[in-house]
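S.K.: This is the structure I want to talk about, given as structure tokens.
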Amino acid sequence: MAPKKAKRRAAAEGGSSNVFSMFDQTQIQEFKEAFTVIDQNRDGIIDKEDLRDTFAAMGRLNVKNEELDAMMKEASGPINFTVFLTMFGEKLKGADPEDVITGAFKVLDPEGKGTIKKQFLEELLTTQCDRFSQEEIKNMWAAFPPDVGGNVDYKNICYVITHGDAKDQE
């Protein structure tokens with residue numbers, strides 16, 4: 001009986017290890033940090049309330065239950081870290097890196113304006129995950145100055161991240 005259990009466990013581990021082989025250790029660590037930010041109650045599972053709290057932390061209050069339910073239905077069950085990583089792995093297969101990065105910024109832009117408030121982006125970059133230093137923030141604003149309203153064009157940032165040079169602004 002023990003060999004059967006070992007085989008089942010090995011098969012289960014092999015199934016989940018495939019998703020871990022899709023990413024390098026740095027990427028897995030970044031996904032883990034993102035998971036931890038979203039898992040607001042720190043129970044190891046992302047649920048609807050975690051999503052609601054995450055949206056509230058980003059300034060988006062009154063998210064509709066239907067929207068949260070649709071997000072939760074993308075997973076086949078409870079969203080632990082392995083499921084979270086698998087979901088991103090499936091979404092990123094064959095995806096254009098610029099589209100992926102733009103999509104990440106769009107989550108922070110619920111009105112779809114193509115901009116994010118400088119203050120909000122700076123707060124995220126200096127308090128979450130791989131934190132920016134004050135010098136890195138200064139360099140970023142020099143490269144991507146906000147408009148007079150304090151908004152940052154994230155599409156230009158995405159272009160530079162993926163192509164290495166600013167778009168012609170003509």
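Here the Cβ of each residue, glycine as well, is placed from N, Cα and C on the backbone.
Marked as Ca(2+) binding site by Swiss-Prot on the basis of sequence analysis: ASP39, ASN41, ASP43, ASP50. Feature annotation from Swiss-Prot assigns domain 'EF-hand 1' to 26-61. Look at Swiss-Prot and you will find 96-131 tagged as domain 'EF-hand 2'. According to Swiss-Prot, the domain 'EF-hand 3' annotation covers 132-167, on the basis of sequence analysis. Summarising the annotation, Swiss-Prot assigns N,N,N-trimethylalanine to ALA2. Summarising the annotation, Swiss-Prot assigns phosphoserine to SER16, SER17, SER76 and lists similarity to another entry as the type of evidence. Residues or ranges marked as phosphothreonine in Swiss-Prot (evidence: similarity to another entry): THR26, THR36, THR102.
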S.K.: Going by C-alpha distance, which of the modified residues THR26, SER76, THR102 is nearest to ASP39 (Ca(2+) binding site)?
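M.R.: Result: the closest of the modified residues to ASP39 (Ca(2+) binding site) is SER76.
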S.K.: Mind checking which residues reach the domain 'EF-hand 1' (26-61)? Cβ under 8 Å, same chain, six or more beyond either end.
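M.R.: Same-chain residues near the domain 'EF-hand 1' (26-61) but 6 or more away: 20, 68-69, 71-72, 78-81, 84-85, 88, 107-108, 110, 120, 128-130.
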S.K.: For ASP50 (Ca(2+) binding site) and SER76 (phosphoserine), determine the Cα separation and express it in whole Å.
M.R.: 17
S.K.: Taking the centroid of the Cβ atoms of ASP39, ASN41, ASP43, ASP50 as the Ca(2+) site, which other residues of that chain lie with their Cβ within 8 Å of it, listed in sequence order?
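M.R.: These residues sit around the Ca(2+) site: ILE38, GLN40, ARG42, GLY44, ILE45, ILE46, ASP47, GLU49.
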S.K.: Please identify, among the recorded positions THR26, ASP43, SER76, THR102, the one with the smallest Cα-Cα distance to THR36 (phosphothreonine).
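M.R.: Closest candidate to THR36 (phosphothreonine), judged by Cα separation, is ASP43.
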S.K.: Are there any residues in the same chain, six or more apart in sequence, whose C-beta is under 8 angstroms from the C-beta of SER76 (phosphoserine), and if so which?
M.R.: VAL83
S.K.: If you compare CA-to-CA distances from THR26 (phosphothreonine) to each of the recorded positions ASN41, ASP43, THR102, which comes out shortest?
M.R.: THR102
S.K.: Give the residue counts of the domain 'EF-hand 1' (26-61) per reduced DSSP state, in the order helix, strand, coil.
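M.R.: Tallying H, G and I as helix, E and B as strand, the rest coil: 23 helix, 1 strand, 12 coil.
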S.K.: Suppose you look only at the domain 'EF-hand 1' (26-61); what would the mean pLDDT be?
M.R.: 89
